[in-house]
Amino acid sequence: MLIVDDSAFVRARLARAWQEAGWETAEAADGARALAALHSQRPDLITLDVAMPGPDGIETARAIRQAGFRGPVLMLSALTARGAHITLEALEAGADDFVLKPQNPREVAEAVGVLEARYRALTAARRPEAVPEGTPGGRTVRTRGFRAVTVASSTGGPSALARLLPGLPPPPVPLVLVQHMPPGFTAALAERLTRLSGWPVEEAPAAPGAVCWQPGRAVLAQGGLHLHLNRHRAWAQPGPRLHGVAPAADITVGEAVRAWAPDLAVVILTGMGEDGARAAANARRLGCTVVVESAATATVWGMPQAVVRRGAADAVWPLPEIHRWLGAVFAAAGPIHA
């Protein structure tokens, strides 16, 4: 695997941890050396510092993909506003996912463990396999009468949302977005999605603050906190991690089901793990409509697959088809129901 970082100290510390985990490592101090190492070292995995002198993480990720590298590219990002914005741009440029840059030996070991898990998931996602797509029995999927829409995603989600929302009309019903992210990154994601979609995407405030549902905008779960809601408002607050994540879709979608079933649309996009599957299955049992992203466009077909395995998906579609369907849902929807 190839470690790209301008700090020799950081490279050495990461290399030691990767070697202890059984990996052979190579190092590069900048983007130009990383591109040279692609040909000389032929890595299976690249970890890439977000902020480097010269070509930064965005330019380097783009150049790595243009050079033909098809393996996982994982970013190490600083917990700063600038780091968050660069990270999101790098994900659009070709990086697959990111973790917070470790600051001490314990965090280095934890980061390597997380990165290994994501490498395995991303590698498995790149292996072709027969997966379902379409609608069971070819039946028509409902587009009318929804009072709210929830969208959940994890690995690959920021890029998926950046493709899903632009071109949609401002949502006439509550649109709830749950993206697995650490604290400090969802504000940047909300800004980016607002710019791309042309209508407001608002990060949910922490309790005791709350945002009331208004037509024409979406609410995004705040990183590191769970998003709670009822038929009138939404708010974020701390709580134990569920499935190892906060925010967790099972919490937010579960509350949306209680608020709006059967007139709720549940969308599960790309992501590792099974978060959202339990709430989606309950939603379908109560008459809600559940649509999941197909393996054809998902970065990792984990969360959608978990829904399919429970028999809870009304449709398994690639992202462009989900976009078209949401456009029809928004076009057919009436005003927000209190």
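Quick reminder: no glycine exception, Cβ is built from N, Cα and C everywhere.
Pulled from TrEMBL:
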type	residues	note
DOMAIN	1-116	domain 'Response regulatory'
MOD_RES	D49	4-aspartylphosphate
DOMAIN	142-333	domain 'CheB-type methylesterase'
ACT_SITE	S154	active site
ACT_SITE	H180	active site
ACT_SITE	D275	active site
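A C-beta separation below 8 Å, combined with a sequence spacing of at least six in one chain, links S154 (active site) to Q179, H180, V245, T270, G271, M272, G273, D275, V300, G302, M303.
Ranking the recorded positions D49, D275 by C-beta neighbours within 10 Å puts D275 at the top. Per DSSP, the secondary structure of the domain 'Response regulatory' (1-116) breaks down as 59 helix, 19 strand, 38 coil.
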